[in-house]
Amino acid sequence: MASHWPPPGHFALLYFAAASEFTRRSVENIPAPIHATGLFGVIEQRYPGITDKVLSSCAVTVNLQYVDLDGDDAADKDLIIQEGDEVAIIPPVSSG
Amino acid sequence: MSAPPSDPLPLTAPGITVSLTHSPLNPLTPLTFVKSPKAGAVVLFAGTTRDSFDARPVATLAYESYAPLALTTLLSIATALKAKHGLLGVAIVHRLGEVPVGEESILIAVSAPHRQAAWRAGEEALEETKRRAEIWKLERFVGGEGVWRANRDGVMGVKVEERKEERGA
C-alpha cells in the first residue's frame, strides 16, 4: 500500500478488515491535532455504533508504533496526534 | 480487469527475508533462500487455504494487510527466532488478495545445523506470525456472507453482510 499524505492540518486515519467494512473506506483525513485518548470518540461521532462493534477489540498505531491508551496510567495517555501523522485502527489479526 | 496491486518491497537482514505478494507462492523460493552447506536441516511450512470453516463451505478467501507494519512485524519475528534457535536462514512470505481454495497463503522456511532447532523454530515462526502479523483474512461463504476472521480469540469476527443490512434499515 502506498503511503497516504494527508492535507495540511490533518492526519491520515487508516481502516482495515472489519473497521474498513464498517466505515466503507480504507483511509480518511481527520483534523489535527487531537488527543490520542479522544480518537475513538472522534471516530464514533462519524460512525455511530463502531466503538461497540469494532473499535473495542482493536489496537491503534501512530506512525507504525502501537500506542497504549488503556487506563489512567497508560504509557501514551498524553500523546497528541499531530498533523501529518499516520494513524491506523488494527483489528484482531488473522493471517496464516 | 484492473491492474494487479503492486507488491511492497521485501524486508531483509542477514539470512532473513520477509515479503508480501499478490502472486501465487512458489515453495522453492523460500527453500532456496534458506539452504546452506552449513544447514543439515531445512523445514518448510506451507499453509493452504481450506474449503470450509466449522463445516460451512467457503467460496473465496482474501487477505489484506497493513503492509509496512506487517513487514516490520515479520522481520522482528524472524530476527528473534534466528537468534533464539541459532538459525542459518529464515524466509516468510504471505500472499495478499484473493487466494483460491487449495493454494498456499503462507510459506515459512527455516534452516539450522540440526533438525530439532529447525522444527521448533518453524512452528514458532508460524504461531508468532498468526498472533502478530497485521494481516487479515476475509472468508466468503457459499451464499455470499462474508466474515473477517480473528486468530487471537478464535471468534468469527464481524459478519459483513449482516452489518450492511443493518445500515440499510
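Keep in mind that glycine also has a Cβ here, set from the backbone N, Cα and C atoms.
Those TrEMBL annotations? Automatic predictions, nothing curated.
Now, the feature entries from TrEMBL:
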type    : residues                                                   : note
BINDING : B:His114, B:Arg115, B:Lys130, B:Lys137, B:Leu138, B:Glu139 : substrate binding site
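Burial estimate for the binding-site residues (B:His114, B:Arg115, B:Lys130, B:Lys137): highest at B:Lys137, by number of other CB atoms within 10 Å. In this set, none of the binding-site residues among B:His114, B:Arg115, B:Glu139 has a C-beta falling under 8 Å from a C-beta of chain A. Working note on the binding-site residues B:Leu138, B:Glu139: by count of other C-beta atoms within 10 Å of each C-beta, B:Glu139 ranks first.
Comment: substrate site residues B:His114, B:Arg115, B:Lys130, B:Lys137, B:Leu138, B:Glu139; largest CA to CA distance 38 Å, whole number. Under the three-state DSSP scheme, B:Arg115 (substrate binding site) falls in the helix class. B:Glu139 (substrate binding site) carries a strand DSSP state (E or B).
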